[in-house]
Amino acid sequence: MLTVNDINVYYGPIHAIKGVSFEVRPGEIVALIGANGAGKSTVLKTISGLLRPKTGNIVFDGRDITKLEAHKVVRAGLAHVPEGRRIFLQMTVIENLEMGAFTKSTVSEEDLEDIFTKFPRLKERRKQVAGTLSGGEQQMLAMGRALMSKPKLMMLDEPSMGLAPILVEQVFSIITELNKAGTTILLVEQNAGMALDVAHRAYVLETGNITLSGTGEELAQSDEIRKAYLGG
Amino acid sequence: MIKGYKGIPMPVRYLINAGLFVVFLVVVSSLTDAKVISTYNNKIIMLIGINIILAVSLNLATGYLGQLPLGHAGFMAVGAYASAIFMKAVIKTLPLGLSLPLGLLIGGLVAAVFGFIIGIPALRLKGDYLAIITLGFGEIIRVILLNIDSVIGFKLTYGAAGLKSIPKTTTFLDTFICVFLVCFVIHAILKSRHGRAVLSIRENEIAAESCGINTTYYKTMAFVMSAFFAGVAGSLYAGYIGILDPTGFGFMKSIEILVMVVLGGMGSMIGSVISATVLTALPEFLREFDAYRMVVYSLLLVVVMIFKPTGLMGTYDFSLSRLLGKPWERLTSGGKSKKAGDR
């Protein structure tokens, strides 16, 4: 569904991504794990068109999206939930969700209802200004907003960031449910334990290189990963 | 995108607003005719109208789009000169009913073209950098107008001497029809899908982009529109004052407009209208205090910024239909229940 071929991304003179290749197959949850500064978010930003790779290409659904502008990538069916949630703080929950459906010409009530059944908390707070939501609710809103564009593939950047452990668990169970309902998911996480738990396959990113890959289980068992990311 | 609005139906709301506007026009015109409002005061009211257009248009870029352009006087100058040159050329050949709207349109369009040329590179920058590049643009316009008096042999702008004997065509009525139209157009756009896109860029540009909004397009659109309306205000000003002097369009003029926007509240149209009115009228009505008037003016700014840092109105926007919504519902539902009672 999504194939990333040998991309190289630079921030000015800094070579941030050094020939990364990986793929996401339909129906999968794929996790990209790694420490701070490994380049996880950079990879996502490159896929969603916020950054341009110097070389290499990205193919989504049989279409080369390497040079596609960010707003067109969304139209192609690839939603990005950016790091740090980034919801529209001064708009209400409903308005935020409506913005998510910007690429569609109309917002259907069913789509909204669909989101509300997935995230009952958001329904309770539908008229509330998004800035007054708690961190977990904001993360759910960010995910709900991305789902409004009916993506084929959803990319989540650090959904567990700044959340209490119980909320992290909640967010990850929602991710699993979304996947079961048919959305393919590419997940970027620092919380390696959680991510490997839900992911079908995972890649380990270290300073711009993919150093390991395998199924979630395999990686969770691997000694290297246990030492580096899982604490023992 | 706007959900079923309860209360006053759309056409009625527009009619009420338009009706009130006509009442305002008739009242002020007849008061002027009856000499209750002196010609001098009438002139000030026109100047208020022009400043309202400037403030509301800058608010589009500052309050709603969330950028900080400091060259608004530059767009005003471009529009003023373009329309003044046009009006001087055609005043004897075209009837006023045609040349006046054309002049306003030309002023606006020329300013919009400049807005586009400046906007494309400038909007790639953010915050202070955008402020500096637009500030530079405003100064370039002023300096060029000050030093160039002819274009390819045609004596057009007259440099530092100023562009004189511009036909004084702007009337009270034209000014306020423009005020009404500008406010209406900006309001309508902000309530539309495009407006939502612009607001979402102010809230969070990356999020807007990841919602599939073409941020470059919408930023440029809002910026060019803002320049267009500044050009219209400039055209009105040219026909109002009759002489254009480049020094009047300096940095201080841009700041003056920005002060109106900030004082009224960034992102509040009614705020811009109120503060443009107050800040234009105040120095005039304080004239008898002579040297102290600028002190009062600055004190007012300081006091407002201390007690209401988001501006007089914050982001609140006045809505007549919201105000009248309740009584209207009572009126209409009351009518219905009476009918039910009859049966």
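Every residue, even glycine, has its Cβ placed from backbone N, Cα and C.
Pulled from TrEMBL, these are the features on record:
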TRANSMEM  B:12-32  transmembrane segment
TRANSMEM  B:44-64  transmembrane segment
TRANSMEM  B:70-90  transmembrane segment
TRANSMEM  B:102-123  transmembrane segment
TRANSMEM  B:129-148  transmembrane segment
TRANSMEM  B:169-190  transmembrane segment
TRANSMEM  B:222-243  transmembrane segment
TRANSMEM  B:255-282  transmembrane segment
TRANSMEM  B:294-316  transmembrane segment
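B:12-32 is the stretch from B:12-32, B:70-90, B:102-123, B:129-148 with the greatest number of Cβ pairs below 8 Å to the transmembrane segment (B:169-190).
The stretches the transmembrane segment (B:102-123) and the transmembrane segment (B:12-32) are not in mutual contact, being linked by fewer than three Cβ pairs under 8 Å (pairs 6 or more apart in sequence).
By the Cβ criterion (under 8 Å, sequence separation of 6 or more), the transmembrane segment (B:255-282) is not in contact with the transmembrane segment (B:222-243), since fewer than 3 such pairs are found. Listed by sequence, the residues of this chain that lie at least six past the ends of the transmembrane segment (B:70-90) yet keep a Cβ under 8 A from its Cβ atoms are 54, 57-58, 99-100, 102-104, 106-108, 110-111, 114-115, 118, 131-132, 134-142, 145, 156-157, 163, 165-167, 169, 226-227, 230-235, 237-239, 244, 246, 249-251, 253-255, 257-258.
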